[in-house]
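Here is the structure we will look at, set down as structure tokens.
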């Protein structure tokens, strides 16, 4: 039987939105057996640009794209949707402190959480791309009390994909050879790209890449700082790679994970690995028959434990900051 999905995308006229929508409409997230409605949300000044994007979507004549809704009203955008991809966020500007960014985005994501809570379909799932995505997700989740907490996710797949790419380059192998590359914690420069548990052609990555100095002192900082490096080189933040990672994430959350692999996504912690219950923290996950679960039996060496502590401390600080602002 043919399947149908209604998907809301916020910040739909932005760079990531532009890189995302055409691939969503062509079936790359939900499969070639699923038709799609797109509910596109933008701020009022961006609606003319969004109408141009809609014209282009129409001009692609995608067989799977059924209907499009264009709006600046979150209640309309989230009406009856099965997936809400929260891409739009206020960018960090020069001289802005992280807490200023948390406050500005906090009000956006609190409002969107409420609108999703009141208007979305009963099976809605929420995937946050807009940064700081872990804490934006936390805010949306806490403003949508009727939606189960296990339906909220934030994106660390871009970090995972970046890490896979770098390990493949260093080892001189094709990308599919690299598996089980885990990102722990926050999508920020404190994240822990865990090469210790990655595999290359079925062997531990540390056996294939013997250069421990590179792994510790080049690989980890490169992944942690990759977003900033892209901005410096391109003059704009990662857009196509972020959209690609969002599609990868949705696919992984829906489809059964291959037996020899896992994927990273930030979700609501339930005490795994000593992470506070209710924090949005990136873990290694698997999907089996549509059920997403955290892999819990991974052991960390002293280095890994320290890295987990650093990223957990940052997420606690962000939570405390938005709590003090009354956003959760």
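These residue numbers are counts, starting from 1, taken along the chain as shown.
Including glycine, each Cβ sits where the backbone N, Cα and C put it.
Look at Swiss-Prot and you will find 187 tagged as active site, proton acceptor. Spatially close to residue 187 (active site, proton acceptor) yet at least six residues away along the chain are 131, 132, 133, 134, 154, 155, 156, 158, 159, 266, 282, judged by Cβ distances under 8 angstroms.
The Cβ of residue 11 (NAD(+) binding site) has 17, 41, 42, 87, 88, 89, 130 as same-chain neighbours under 8 Å, each 6 or more residues away in sequence. As annotated by Swiss-Prot, NAD(+) binding site applies to 11, 12, 13, 14, 15, 16, 17, 105, 112, 129, 130, 131.
In the three-state DSSP scheme, residue 92 (substrate binding site) falls into the coil class. The substrate binding site annotation in Swiss-Prot covers 92, 98, 131, 162 and rests on sequence analysis.
The binding-site residues examined here are 15, 112, 131; by Cβ neighbour count within 10 Å, the least packed of them is 15. Residue 112 (NAD(+) binding site) and residue 92 (substrate binding site) have their C-alpha atoms 19 Å apart, to the nearest angstrom. Residue 92 (substrate binding site) sits 15 Å from residue 15 (NAD(+) binding site), counting Cα to Cα. Looking only at the binding-site residues 92, 98, 162, the densest Cβ neighbourhood within 10 Å occurs at 162.
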